[in-house]
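Asker: Encoded as structure tokens, here's the structure I'll be asking about.
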């Protein structure tokens, strides 16, 4: 199904300065919507005609209200903004809580006060997944208990999603009408120009850190191309309307490309496309999990003095090494979502166009240095973190 047009509607996108928020804004703009991007940082790209940027902090209710004041009537809010998805951000619990929970509360309050009829929330697989194997799961699965989440980002996204879905059907503070809400739970996002995960991966490749893979080679995870994700959000917004029977009201939807794949095999075209050798060494998942735990503990101790980028966190080990994928049946049936096929070729070309790829003389000596560091870290994890009574539940 082609995503619908939005003639003369004004939409507001929180997190509109980020990769996905900006792409969603451009997609909506091309369909005739007037778009307001609300974020603490401005997009790196030039704003197309019909798109307006409002600078503000989602944690500040006054900033949120200012964003809404820039439009006579907002027809739909796409609440994309979040914090703490990966890397060292994942260890900043205070800011994660303030943005993901407090920011969501501010958005819901503004929607009810301003009479916004529709809200689409960008959630995550992680509200359900916390390290357990899930094969072809669906939306009937219960939320993972909050105390079982291995990271605060996933915990707060779960809290925020519940708040959004519980707000479905609430009456506006003034006048007639109610707020209708739904949640999109995406897989890992990729696409040319993605600025959160792919540059970090390429950095590891270029520095010689990608020297091994881990976990079961048969483990499967999922990804979603940015354009498929934008399409799903637009369809979800339409499915909150009366002419669609409000079918999406109060509902969550898993969204991916619909092609479960081994995490490391997914990135093989990127590694080899940039001229590097895909690693043949495979390490146990438990060993890498213990290493990630040590890295997190080290960051906890020295992070205030040296806020280094963790090589991996425990959640990232789970997300990359443990099978978890979900059915698209509900999204297809209720939203009309049909993912388009994509691969990593455009991503490879983007990185090449921006000066990446193997070719520097002396790189092998750098690889040897990082090999030594990695071996030392792995040996340290074995010698200092032996817990015979502890088992990793996957």
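The backbone N, Cα and C atoms fix where each Cβ goes, glycine too.
Bear in mind that the values here come from a model prediction, so they are computed numbers and not experimental data.
What Swiss-Prot lists as active site, proton acceptor is 153. Under the heading NAD(+) binding site, Swiss-Prot lists 157, citing similarity to another entry as support. If you look up Swiss-Prot, you'll see 283-303, 367-387 marked as transmembrane segment.
Are these features on the surface or tucked inside, and what are their neighbours?
Answerer: Sequence-distant neighbours of residue 153 (active site, proton acceptor) (same chain, six or more apart, CB under 8 Å from its CB) are 82, 83, 84, 85, 89, 90, 96, 100, 126, 315, listed in sequence order.
Close to residue 157 (NAD(+) binding site) in the fold, though at least 6 residues off in sequence, lie 82, 100, 123, 124, 126, 127, each with a CB less than 8 Å from its CB.
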Asker: According to DSSP, does residue 157 (NAD(+) binding site) fall in a helix, a strand, or coil?
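Answerer: SS state of residue 157 (NAD(+) binding site) = helix.
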